Amino acid sequence: MSRTAIYPGTFDPLTNGHLDIVTRAAHMFDSVILAIAASPGKQPLFTLEERVAMAREVTAHLTNVEVHGFSELMAHFAQRQGANILVRGLRAVSDFEYELQLANMNRHLMPTLESVFLMPAEAWSFISSSLVKEVARHGGDVDAFLPEQVARALMTRLRDA
């Protein structure tokens with residue numbers, strides 16, 4: 001039986017912390033879908049298409065990882081993809097309460113959907129896409145927190161904005 005996991009998020013932009021989680025998930029499961037949410041309510045800096053393209057570029061070396069955009073309920077997307085494992089990253093205890101609520105709602109919507117929580121490597125445990133964008137907006141160096149291609153795209157987007 002093949003085990004397909006989904007690692008969902010907005011990934012605006014995809015950080016080294018996200019890359020750490022998807023890489024580790026790729027070693028744990030037969031296949032992983034990096035599912036990029038449209039998330040229009042969050043007003044992403046990058047379009048869904050741009051986020052999907054960047055994610056495909058930085059995960060190209062992970063042969064069992066596919067990247068898809070989605071705009072429906074996660075449980076419905078998981079069902080459509082034939083996946084019953086949801087991978088989520090936990091950086092701090094403060095993430096846990098929200099993730100617990102999401103896991104319970106997803107299980108209510110799809111009883112066979114299990115949530116698996118991974119902690120990022122310590123080097124990435126304090127990073128969030130929002131924090132990285134804020135640092136970059138104020139002229140800080142974010143190269144250590146993002147894959148090279150993503151850092152370039154972020155700096156170009158902010159410069160051209």
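Every residue number used here counts from 1 along the chain in the order it is shown.
Heads up, the Cβ atoms here are built off N, Cα and C, so glycines get one too.
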For this session: Figure out which of H18, H138 sits with T10, F11, G89, L90, R91, E99, W124, S125, F126, I127, S128, S129, S130 in the ATP site per Swiss-Prot.
Result: H18
For this session: Could you check the binding-site residues T10, S125, S129 and say which one's CB has the fewest neighbouring CB atoms inside 10 Å?
Result: S125
Seminar exercise, completed: For E99 (ATP binding site), the same-chain residues 6+ apart in sequence with C-beta under 8 angstroms from its C-beta are R88, L90, S115, F117
Exercise. When DSSP states are folded down to helix, strand and coil, where does S125 (ATP binding site) land?
Worked result: coil
Seminar exercise, completed: Largest C-alpha distance in Å for the substrate site residues T10, K42, M74, R88, as a whole number, is 19
Exercise. Minimum Cβ neighbour count within 10 Å among the binding-site residues H18, K42, R88: which residue?
Worked result: K42
